[in-house]
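Taking it in order: structure first as structure tokens, then the write-up.
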2 protein chains.
Amino acid sequence: MRHLLAFLLLLLSVVVPQAARADTGYDLWLRYQPLDRRQADAVQHRAAYLVAEGNSPTLAAATEELRRGMSAMLAPHSFAVAGSAMRNGAVVIGTPQSSPIVAALGLPLAKLGAEGYLIRSATTAAGARITVIAANQDVGVLYGVFAFLKRVQLGQSLDNLDIADAPRLKVRVLNHWDNLDRYVERGYAGQSIWDWQKLPDHKDPRYTDYARANASIGINGTVLTNVNANADVLRPEWLAKVKALAGVFRPWGIKVYLTARFSAPIELGGLKTADPLDPKVAAWWKAKVEEIYRVIPDFGGFLVKANSEGQPGPNDYKRTHADGANMLADALAPHGGVVMWRAFVYAAENPDDRHKQAYTEFQPLDGKFRDNVLVQVKNGAIDFQPREPFHPLFGAMPRTPLMMEFQITKEYLGFATHLAYLGTMWEEALQADTFRPTRGWTVARVLETPVEPGAATGMAGVANIGSDFNWSGSQFDQANWYAFGRFAWNPEARAEPIARDWAAMTWGSDPAIVDPIVAMMMGSREAVVNYMTPLGLGHLMATGHHHGPGPWIADLARPEWNPVYYHKADAVGIGFDRTATGTNAVAQYAPEVAAQFGDVKRVPEQFLLWFHHVPWDYRTRSGRSLWDELVTHYDRGVGTVAAMQASWEGLKGKVDDARWSEVRDFLAIQRQEAGWWRDASIAYFQSVSKRSLPTGHAAPPHDLDWYKAIKTPYAPGNGK
Amino acid sequence: MRHLLAFLLLLLSVVVPQAARADTGYDLWLRYQPLDRRQADAVQHRAAYLVAEGNSPTLAAATEELRRGMSAMLAPHSFAVAGSAMRNGAVVIGTPQSSPIVAALGLPLAKLGAEGYLIRSATTAAGARITVIAANQDVGVLYGVFAFLKRVQLGQSLDNLDIADAPRLKVRVLNHWDNLDRYVERGYAGQSIWDWQKLPDHKDPRYTDYARANASIGINGTVLTNVNANADVLRPEWLAKVKALAGVFRPWGIKVYLTARFSAPIELGGLKTADPLDPKVAAWWKAKVEEIYRVIPDFGGFLVKANSEGQPGPNDYKRTHADGANMLADALAPHGGVVMWRAFVYAAENPDDRHKQAYTEFQPLDGKFRDNVLVQVKNGAIDFQPREPFHPLFGAMPRTPLMMEFQITKEYLGFATHLAYLGTMWEEALQADTFRPTRGWTVARVLETPVEPGAATGMAGVANIGSDFNWSGSQFDQANWYAFGRFAWNPEARAEPIARDWAAMTWGSDPAIVDPIVAMMMGSREAVVNYMTPLGLGHLMATGHHHGPGPWIADLARPEWNPVYYHKADAVGIGFDRTATGTNAVAQYAPEVAAQFGDVKRVPEQFLLWFHHVPWDYRTRSGRSLWDELVTHYDRGVGTVAAMQASWEGLKGKVDDARWSEVRDFLAIQRQEAGWWRDASIAYFQSVSKRSLPTGHAAPPHDLDWYKAIKTPYAPGNGK
């Protein structure tokens with residue numbers, strides 16, 4: 001006893017100083033906090049040691065993660081990696097190929113595919129009660145291990161387990177809009193975590209933690225570079241750096257992808273053209289792709305932004321997007337690579353409603369893309385606004401693999417300091433019914449259903465990850481990274497349970513912590529919609545950096561860059577008529593959807609001004625006039641933020657002080673900026689509507705010119 | 001006993017997971033690692049608890065730092081903050097004003113000034129053996145506390161203490177070349193730590209740790225913004241952000257300063273001129289300064305880069321630097337602020353040797369500056385090269401306060417990944433004898449000696465601090481921040497003991513750790529000199545970002561931007577003739593110095609090519625020809641890096657693995673880039689000298705064109 005005590009004192013003396021450090025949030029949702037003693041006893045009864053057979057890098061990663069997580073959570077119980085001793089409490093992980101034990105269990109793995117897993121309680125012939133985590137491939141074992149660790153983190157029972165799960169989409173990727181100088185376009189979390197200058201020689205330990213976090217939520221690919229692409233990343237000295245990252249990520253089931261600048265054959269190859277139908281161009285790409293695969297044998301492929309916002313592309317040579325994508329796809333196909341080709345296009349010389357342009361350009365190309373092309377479509381037709389109706393291309397290209405592009409980074413939702421959980425936004429988009437071909441074909445179902453057996457499916461998320469200690473710029477933005485992974489794994493998922501899982505793992509599983517946090521999260525995106533873009537408004541932000549309100553902006557070179565293009569407020573009313581009397585964008589949807597969106601009586605009020613120009617005195621469903629309803633929404637948004645502040649005050653002392661204080665500060669910034677949006681927007685729209693504010697709603701404290709004069713030129717993330 | 005055990009187990013279960021985290025180096029030299037048991041017992045015998053009277057923010061900071069450090073180092077002993085109970089082992093801190101106990105001790109504080117401190121062992125009237133840390137001002141107590149903590153960290157005895165120390169310079173400041181968008185010019189440690197976007201509402205806890213680290217080495221000021229200045233920081237909304245930082249720093253004895261863009265009256269004030277003799281201009285600055293002091297009552301003052309590399313300044317209006325500086329000084333004087341006016345000037349239209357221009361322009365202004373102006377002079381006459389002779393202005397302006405400007409960030413010494421301890425460079429500069437007015441007037445003595453009693457003195461260091469977890473871009477670059485503070489406190493300090501203190505506090509006090517680390521550090525800067533700029537060469541780097549060698553560069557717009565301007569290599573020889581047969585820059589030094597530097601036989605060989613153009617077959621002191629000696633130096637530099645790598649391998653397992661691995665990787669990068677410098681430089685100079693390499697020295701593996709073709713356009717820190 002005295003020796004034990006002395007040892008504990010010694011151990012304490014070693015570890016206390018580190019424990020005194022403030023919690024930065026670096027550990028994300030993989031905190032592996034010690035369970036309370038009762039829980040630890042119960043878990044240890046079922047999971048006391050690990051039996052891992054096989055020695056692939058992925059199985060080694062799974063083994064180490066399980067050891068690391070369980071050791072931390074079960075302390076002071078130990079959780080050892082044992083040989084193959086099958087006593088009670090063994091956790092056996094492996095595939096039938098890697099593990100004779102797993103093979104002998106004869107598990108029903110067939111339906112799980114390459115990435116699925118199975119977690120089962122079992123009893124050995126000798127009577128030992130064990131848990132098995134099995135899969136067809138090593139990466140499935142890894143995913144199973146993370147699922148098992150999550151159960152333990154959440155305090156869920158390990159008795160009588162019979163779990164089988166597999167991802168519903170094949171390509172689950174992050175898109176990093178990261179430049180080679182570490183500037184992150186639309187990044188609000190510091191610099192790029194890719195420290196190119198020190199690669200390939202120094203592999204920051206953070207790369208491994210990045211891979212662990214992604215693997216824990218099923219992300220299996222990452223596009224390292226900005227869609228506004230730089231051809232230099234395709235040079236040999238840069239491919240050596242990419243190779244180093246790929247080597248770190250590989251054990252975690254993550255492939256690297258790069259953005260391909262369409263004009264690279266000119267810039268790097270010295271060709272006179274990048275015409276995709278020019279044989280020399282195709283040959284250049286073929287050789288470049290072969291070079292890449294020599295360096296990175298499991299390279300994932302290319303993401304391309306072409307003929308969009310100044311990027312070069314096949315249209316420069318009067319070729320179609322399909323011509324461009326297919327040329328790259330042909331180069332990649334022999335190696336198993338894919339092309340993710342963005343549908344985010346709108347042309348400087350096209351006077352048509354920007355909402356319609358992607359559909360107009362891409363829908364006729366349905367069926368014309370190679371099998372290894374995925375067309376990557378943003379959730380809405382404009383650009384990641386706080387709320388947009390679903391993109392009309394979903395369901396409209398039945399012969400083309402479409403993948404979803406969500407934006408995790410909050411370019412239009414307040415940057416890092418606004419608490420906005422995007423799970424609700426994504427659920428809304430995924431559960432929207434396209435009616436193509438018939439009722440029930442939600443966006444999720446469109447995404448999940450391969451255009452033919454074995455065809456590609458996928459989802460991309462524009463990353464919110466940077467060099468900040470907390471990765472995402474704020475503690476709560478970690479939830480958006482987490483939720484993206486969960487939706488990419490299962491587009492049928494729901495935002496609320498995802499928020500609940502994240503909150504419990506990140507802040508503590510006590511319901512007194514989880515419940516108020518989940519409530520804050522679930523209402524948070526609607527708050528942003530209300531104080532920025534209520535009732536179907538959109539694209540009202542300041543120019544360039546997109547920080548703060550700018551509904552009055554009308555002087556930018558291209559019409560569709562100006563907020564006034566979108567809200568069209570005038571003395572009579574407000575809103576963009578996209579019905580048959582206007583641009584008829586509604587006609588791009590299925591007839592059932594078009595009928596609903598196109599009818600001012602039937603359109604969901606949240607999309608009212610997206611599709612209709614409506615008089616200021618239009619009677620909304622609340623009975624209030626549109627003007628009064630608009631003002632009410634602005635105040636409701638600000639009020640929700642104030643309520644979040646009050647909720648957060650109640651959590652003081654229940655969560656660690658460092659993270660609590662950061663969130664408190666950020667909520668104060670959000671409250672202030674929500675008020676800024678509200679006041680500036682009302683001041684502007686009032687200057688147009690000439691209406692007085694409804695009773696009980698305060699006038700903006702300053703006049704419109706005061707708001708117009710606010711400049712924040714150094715706001716982060718501007719696309720340089 | 002059982003309760004204690006249960007408690008300890010509980011505590012362990014809480015702290016163990018955090019302890020598992022990799023060490024990033026975030027804690028700098030303030031790690032406060034637990035002492036071994038024997039040492040802890042000895043320390044606890046002398047220092048068991050803290051008696052702190054008084055309640056100023058600075059004393060509170062001192063108290064908390066002492067509690068934090070001692071608790072961590074003495075664990076499992078406690079170190080409590082007690083009332084005024086004077087038992088054995090009390091550590092009493094305070095000033096005669098704050099503490100009746102201190103006042104009663106009648107300590108000899110008179111000579112310590114405002115910032116000095118005294119640490120003494122004492123016995124109370126009642127016979128209690130105590131330690132007292134006392135000062136005239138609270139900030140002196142804070143410095144004393146850090147000095148006391150350092151003794152404990154270093155394992156030095158606390159018996160019979162009788163220590164008195166005070167800084168020899170008044171203004172000890174960091175210069176952050178940080179832009180308002182968080183880009184750091186010449187920054188190799190990530191972004192600026194000033195997260196302006198979230199200020200003033202969110203004060204990152206890192207600001208406090210920054211202040212703690214600076215206070216621990218006696219730094220008492222920080223210039224927050226880039227010398228290539230942006231007037232916007234003087235706007236009210238930015239001053240609110242500056243105020244928030246000032247509030248964090250104030251308890252730690254640190255004042256904030258800003259860079260003043262000379263044209264701000266035009267840019268912000270709408271004036272037509274920034275002429276310093278225009279009364280409207282002076283009035284604008286007076287009002288602006290008053291506005292600043294209303295917001296920040298202890299604002300430190302301005303740092304100005306004027307008429308230098310494109311910055312606006314008084315010369316634009318045919319006024320002198322004194323005119324400009326004095327105008328600002330007059331605005332600041334009523335508030336106690338100072339102007340730090342940089343002497344780093346060279347003019348586009350001036351064909352004279354760049355080495356001479358600062359002296360030519362500033363020396364005649366001696367005596368013409370206001371009392372609250374310090375002229376800030378770089379250590380050498382060009383620009384922070386790996387080795388430069390001391391700046392001829394030191395000693396040449398006896399009626400003007402001159403402050404030193406050192407560059408901590410390694411713009412010209414390999415960025416973050418080259419291990420180069422700059423203490424030796426700074427000692428060399430500070431110990432150089434100016435012979436002005438007579439022998440023995442070293443640069444240090446010039447700096448330390450006020451031009452009249454009470455006049456300002458100072459030292460500035462261009463910070464190497466950024467958002468990287470390790471603050472400085474590498475573990476070893478922390479040593480340069482540390483050493484700068486030590487030299488600013490005492491310019492007579494020596495590099496070796498500073499390195500020893502830093503190594504012990506940062507890596508571990510075991511001589512088996514300290515000795516090899518100090519040996520590496522002490523030879524490291526000479527290694528960089530040898531593989532980059534041997535024998536008095538300088539300014540040979542690539543353009544813009546300054547990453548890598550570019551001795552062949554000859555095509556830049558201004559002559560003095562080109563490396564060929566500096567080395568002047570030709571078929572006959574190499575070196576810049578700055579003697580009477582050349583530009584006669586030597587004449588700017590005192591006659592004794594000029595005689596030495598100007599004589600090819602007497603000039604220290606390390607400055608040979610700085611002052612002389614010498615034939616390739618000139619016989620050097622080693623007996624080798626200059627060409628052979630040059631090649632020998634290049635190889636010696638690379639060899640030193642290889643030796644550092646070997647030393648570091650020997651430390652594996654003796655220091656923590658995370659930091660060890662980072663240093664190992666960086667040394668590998670350094671080895672590779674040292675080879676690149678060596679090979680490229682030799683390939684180039686050989687193309688000029690047409691000489692073959694001496695026996696035993698390998699030819700560069702590639703031809704000159706290969707080295708010329710290397711481009712690293714995304715290297716960090718470029719002045720955008």
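Glycine too: its Cβ is placed from the backbone N, Cα and C atoms.
Unlike curated entries, TrEMBL annotations are predicted automatically.
Annotated features in TrEMBL:
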type: ACT_SITE; residues: A:E309; note: active site, proton donor
type: ACT_SITE; residues: A:D383; note: active site, proton acceptor
type: ACT_SITE; residues: A:E411; note: active site, proton acceptor
type: DOMAIN; residues: A:28-147; note: domain 'Alpha glucuronidase N-terminal'
type: DOMAIN; residues: A:152-471; note: domain 'Glycosyl hydrolase family 67 catalytic'
type: DOMAIN; residues: A:473-696; note: domain 'Glycosyl hydrolase family 67 C-terminal'
type: SIGNAL; residues: A:1-22; note: signal peptide
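Annotated features, which come from TrEMBL, shown on the structure.
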residue: A:E309; record: active site, proton donor; DSSP (3 states): coil
residue: A:D383; record: active site, proton acceptor; DSSP (3 states): coil
residue: A:E411; record: active site, proton acceptor; DSSP (3 states): coil
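The number of other Cβ atoms within 10 Å of the Cβ belonging to A:E411 (active site, proton acceptor), over all protein chains shown, comes to 24.
Ranking the active-site residues A:E309, A:D383 by other CB atoms within 10 A of the CB puts A:E309 at the bottom. Rounded to a whole number, the distance between the Cα atoms of A:E411 (active site, proton acceptor) and A:D383 (active site, proton acceptor) is 10 Å. A:E411 (active site, proton acceptor) sits 17 Å from A:E309 (active site, proton donor), taking the CA atoms of both as reference points. Helix, strand and coil content of the domain 'Alpha glucuronidase N-terminal' (A:28-147), in residues and according to DSSP, is 47 helix, 25 strand, 48 coil. Across all of the domain 'Glycosyl hydrolase family 67 catalytic' (A:152-471), the predicted model scores a mean pLDDT of 97.
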